[in-house]
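Accompanying notes for the structure given below.
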Amino acid sequence: MEGVGFVSGSGALGVVRNAGVRKCQVPTMVATKATGKQSKFEAMRKKYGVAAKDLEEVGFSYDEFDAAVADYEYNLTMGETVVGKIFECTARGALVDIGAKAAGWLPADEFATAPVEIPSEYFAPETAIELIIASREDSNGQLTLSLRRLEFQRCWDRVIQLQSEDVPVFCEVISINRGGVLVKIQGLRGFIPQSHAGDLNMENAEVGRQISVKFLEVDPAKNRLVLSKKLASASRKMNNFAPGQVVEGVVSGVKPYGLFVDVDGVSGLLHISQISHSHIPDVSALVGVGQPIKCMVLNQDKNKGRMSLSTKVLENEPGDMVKDAEKVFAGAEEVAQRYREKLEAEKKASAEVAEEIVSALDFARV
Amino acid sequence: MFRASRTLLQESPLVQRKLLQLPAEQRLFEETMLRGRENVNLVRQLIRNRVHMGHRAFFSNRRMYQYIYGERNGMHVINLDKTVILMRRGMALIREMVANNCTVMWCAPNKDEIFRVVSPLAQQANAYLLRGKFVPGTLTDPVESRQAVRYGYKLPGCLFIMNTKDNARAVHEAALLSIPVVGIVDTDVNPDPVTYPIPGNDESPQAINLYANFAMQAMLEGKALRERRGGGSAGRSR
């Protein structure tokens with residue numbers, strides 16, 4: 001035997017080729033015989049009395065080889081989504097057939113968004129799954145893949161879509177801390193600040209409860225997902241408070257700067273300056289948490305779910321709230337009515353003034 | 001640089017004797033000549049299992065150019081025409097080895113996922129599959145290296161290596177001892193020291209599964225051949 005070049009008599013494939021590397025980006029494959037003289041293989045065939053093979057007998061030419069190779073051609077870049085078939089799954093990770101030279105490697109950490117208990121049994125062999133290519137080819141030509149990244153992308157897309165639809169969605173409470181509540185929604189972790197927590201009980205017994213929330217802030221780039229329970233319940237109850245309306249609520253929180261009053265699920269701030277005309281040194285001495293209170297709505301911010309309240313305007317005489325709160329509440333309605341009328345009058349007056357100015361301008365132009 | 005010549009003397013005495021019953025060139029030539037349509041399916045099977053895919057063009061070994069068909073998307077494509085012929089040749093050798101009562105030693109990739117695929121096939125074929133590193137001196141100095149237990153205390157008749165690049169040491173030792181090596185060579189491996197190189201992909205687990213299956217088939221055929229020829233009464237039954 002001279003060498004491999006001899007034995008590889010490609011007689012059966014029916015064509016003879018030049019040795020060397022060819023670039024076959026152009027998919028035409030043509031048999032080229034050495035010009036003029038017999039090829040080595042022809043000579044060999046003659047020597048041993050073997051008949052030459054032709055294409056019909058063999059049925060496979062280099063053209064077909066080329067076409068078959070093109071079928072399996074692939075061009076995979078980082079960040080691309082591919083469909084792969086699981087070849088083998090172990091505790092460290094899984095080999096996935098993505099049509100490339102080397103099987104892609106899916107590490108166990110990247111199986112799902114949450115850590116998996118038994119990685120070796122997570123995938124059955126031969127399942128087809130969609131993956132994202134997480135890295136460039138390494139020295140062996142192997143690509144690292146990730147399922148987790150793809151799932152996260154999808155979760156964020158879903159959340160953004162839900163936000164645009166502006167519907168209340170359900171989420172599950174994970175933990176409660178001083179600042180607010182950590183929840184799990186659509187596979188992502190979100191946060192409800194305490195100001196938007198509404199009437200959630202700040203006890204650990206709440207963990208695992210499903211609550212309805214709306215989206216406040218959705219920012220995938222910064223990985224921020226802020227939700228609001230108040231908005232969801234407010235929209236559900238559709239509470240509309242007009243300015244000047246007298247409402248009755250329960251004190252839900254006492255702070256140095258005022259009171260938080262919960263009116264039918266909507267929380268409003270009764271600022272210390274709005275409680276009474278006279279100075280109040282200590283708010284907690286005046287009212288305690290859980291006490292009923294009547295106040296008037298100054299304005300309501302539906303977007304933020306906040307409301308400004310006041311009892312100062314309900315006082316007949318300045319300092320009434322401090323002295324006798326009950327009397328103020330009793331006469332609240334009449335006072336409110338008078339206040340509203342006053343507001344109307346003011347509005348009308350300012351409108352007239354505005355009109356005069358405008359008409360004067362018109363006159364001037366003319 | 002050690003260079004193995006691919007003459008008949010390279011093969012072990014037993015195989016040599018058998019093959020010399022026929023004019024050697026004719027025998028192997030006949031063996032390895034493609035038999036028409038029978039091989040079309042084989043080529044398609046090889047393509048399906050990604051045997052034709054080589055490494056990036058930049059990494060290719062110059063001595064593999066004779067086996068490379070061309071370049072596609074920056075990756076070299078192996079000429080399956082030659083792979084088929086050399087595969088038949090290599091498997092014929094393994095078959096003859098087993099038929100003549102010699103052992104065959106397998107070397108496979110150490111990666112757990114691929115090893116798990118090869119291991120049952122080796123067991124079925126009664127081959128000695130080497131797990132882990134090929135300790136230098138396994139073949140040349142079995143006493144000192146204490147590795148003889150891994151291949152049954154008898155020097156193997158031939159070696160079947162599926163990841164030739166990592167087992168260059170094994171190839172070298174076998175060449176020193178005149179043990180023929182049937183090795184899968186990828187485009188970035190030097191095929192010269194390998195006695196029966198089989199150009200093909202060594203990265204894809206499907207391809208390695210295919211090679212192991214072929215080798216197992218060859219070994220089972222060899223065993224049947226041995227029994228047909230009159231049983232392996234002399235020597236071990238392995």
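Going from the start of the chain as shown, residues are counted 1 onward.
Glycine too: its Cβ is placed from the backbone N, Cα and C atoms.
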In TrEMBL, of the candidate ranges A:112-146, A:182-216, A:217-251, A:322-356, the one given as coiled coil runs A:322-356
For the domain 'S1 motif' (A:79-148), DSSP counts of helix, strand and coil? 7 helix, 27 strand, 36 coil
Sequence-distant residues near the coiled coil (A:322-356) by C-beta distance (under 8 Å, 6 or more away from its ends) are 243-246, 276, 278, 280, 286-287, 293-294, 296, 311, 313-316
Residues in the domain 'S1 motif' (A:164-230) grouped by DSSP into helix, strand and remaining coil: 10 helix, 35 strand, 22 coil
In the domain 'S1 motif' (A:244-312), how many residues does DSSP call helix, how many strand, and how many coil? 8 helix, 37 strand, 24 coil
